[in-house]
Amino acid sequence: MPAAGGGQAELGPRGGPLRQRESRRLLGGLARPAAPPAPSAGPARPAALALVTLLSFASRFHRLPEPPHVCWDETHFGKMGSYYINRTFFFDVHPPLGKMLIGLAGYLSGYDGTFPFQKPGDRYEQHNYVGMRGFCAFLGSCLVPFAYLIVLELSKSLPAALLAAFILIFDTGCITLSQYILLDPILMFFLMGAVLSMVKCNSCADRPFSASWWFWLSLTGVNLAGAMGVKFVGLFVVLLVGLNTIYDLWDLLGNLSLSLVMFGKHLLARVLCLILLPLALYTAMFAVHFTVLNKSGPGDGFFSSAFQSQLIGNNLHNVSVPEHLAYGSVVTMKNLRMAGGYLHSHWHLYPEGIGARQQQVTAYLHKDLNNLWIIKKHDSDTDLSDPSSPVEFVRHGDIIRLEHKETSRNLHSHQHEAPLTRKHFQVTGYGINGTGDSNDFWRIEVVGRKAGKLIKVLRSQVRLTHVATGCILGSSGKTLPKWGWEQVEVTCTPYLKESPNSLWNFEDHINPKLPNISLDVLKPSFAEILLESHMVMIRGNSGLKPKDNEVTSKPWHWPINYQGLRFSGVNETDYRVYLLGNPVIWWLNLVTIGLYLLIAVSTAVALKRGVQLTTELKELSRVVLRGGGQITLGWLLHYLPFFMMGRVLYFHHYFPAMLFSSMLTGITWDALLKFCAGFLSHSTTARKVYRGGFLALVLLITYSFYLFHPLSYGMIGPMASDPSSPMAGLRWMDSWEF
């Protein structure tokens, strides 16, 4: 078939001369080589697809309502689904799509959003939770046919596709993760959808701009938006598709028979479908998110005052205040760090041995009269509340005093060390009736403003620089002991690095001499809200650290199935569910990754040294590398980045990578069995050896599932550490806790 742009018959389906690409076809382990000829149609393929789909749905929906209580992270994501139904604003470190879909599934299935989801173990009673679990189970069930179709497309081998499908059908970990109200099955659905669309689009490379080519390219973009809209780790599949696209375009650019105009069309099509379309859909998700969640809720405090003013029920909603700060104004100041508190003081003093024994200054997370401060000139005690005195606005660069309204003491700092943060200075309330000393003077500076500019309530981000020491007022985020009423430490940092900890905005503003304006005038634009929400999510993710006695894991634990996660139950009277991969499958996957890398490296070394491979070895390398290259790259991209993450990690983070390793196992072992059978001269014997090996693998996988299925479907009775437990002989590693 002629290539796009008028190539000749000797050109490959993607345009380049076949002879020039023969070495790349063999060594293309991490690049996508030309697709092999399409397989002949036959009744076996749709029948096999129907079989694996039926088994997948049966395994995921079996005993779905059990246990009838909250399990593991259902307490978070079920609660967030309720927030959508009730239109209550909340904060999460992940983008909104997954939670929106959970809320929609609950709403459509009759759940009314009233269950509190307080903690694991709470019984659902009369509340309809099965609809949300069923939605996640449906998407988790789709992973098996997706894997089947991906492997079939890449390897053109029905047994390889069946083996990959059976691995995912009978993996206890995949079943468990699909049966509960979680983001993971939703994320993996879009991830696998993106990979399937990508390989289907690749198979249409010989007929670009056809209806099927446009369909699969556009569907790839839709799935990329979905993956990114559920969790930020969806970025890894975006990177996989991006590398595939770069390879495609590079290949087209090297095709001398392709005109620059046609290359430009290819480039434009990919920009449209793989960049602009996903970005538009991703942005639309947030538009829906902010439109639905229009009521004040537990997420308010994570966002700026300007954002909070838009939420119905928030104390800033429909409020009118003076727009610009003036001397004599009574204000509250909110720290811009995530969940930042209000600048606060009270009559209590710092205890003996904690810096100077002066009045405490803290950050307090709630509204309180002790959050009120009066802005005064640094060098004047004139009573600015006198109606006859002229209004004088506070400007960027002014030196001011902040007098605590309730105690009449000034915001003060000095070179005593802060209570908790070393090398930071203590911040106190000092003086009597507003009379203090030069350590009460602060320079007010607005981020991005020039000297003399006015300061807006809500919108201006300011920092207060201590005139005497040069330090900057900030909140460390550390919780003070009981003597500080467990409020948040406020310090003056001598390190001038700008961060949300050292930035503040003015929220409440009282000044009877100034006209009030509606806060609607100051509301942020959608673009500002979108940017702010991403900054808050990024800070939230980076702030996720292990809690005391919390079960976490390290990336090297995951492929070896070192340790699972308790979803439900802790003793022999509980209904116990334990997230752990089927060990036979996981260790088979691990061996396969080693075999694949060995084949890839050995082939590369042999070709570099000019070693002539036998026909059988060449065919083995061709099949394994051709089919497994993109899959291996997908596994690497979804696994290696976790070694560089500083946030807390859990076992379930490996499951997207596990999908790729399972598909690689199907491709590799199918090729190895064919390689071994190829040494037999008699074709009937070779077929028997191949079929026997394939059947042995399937039976091994099925039997191991029979042994370990209670991990997913529930265990009651003695723990596995008890010799009388039916699971006792299956605790093959001491780190397993079922």
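Using N, Cα and C of the backbone, Cβ positions are placed for all residues, glycine too.
TrEMBL lists 1-42 with the feature region 'Disordered'. If you look up TrEMBL, you'll see 1-15 marked as compositional bias 'Gly residues'. The feature transmembrane segment is assigned by TrEMBL to 89-110, 130-151, 158-180, 214-247, 267-288, 584-607, 627-650, 657-680, 692-709. Residues or ranges marked as domain 'MIR' in TrEMBL: 322-378, 391-447, 452-509.
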Highest-contact recorded stretch vs the transmembrane segment (158-180), from 130-151, 214-247, 267-288, 627-650, CB pairs under 8 Å: 130-151
Tally of residues which DSSP labels helix, strand or coil - the domain 'MIR' (452-509): 6 helix, 27 strand, 25 coil
Stretch among 89-110, 130-151, 214-247, 584-607 sharing the most Cβ pairs under 8 Å with the transmembrane segment (657-680): 584-607
Helix, strand and coil residues within the domain 'MIR' (322-378) as assigned by DSSP: 3 helix, 28 strand, 26 coil
Helix, strand and coil totals (DSSP H, G, I; E, B; other) for the domain 'MIR' (391-447): 3 helix, 29 strand, 25 coil
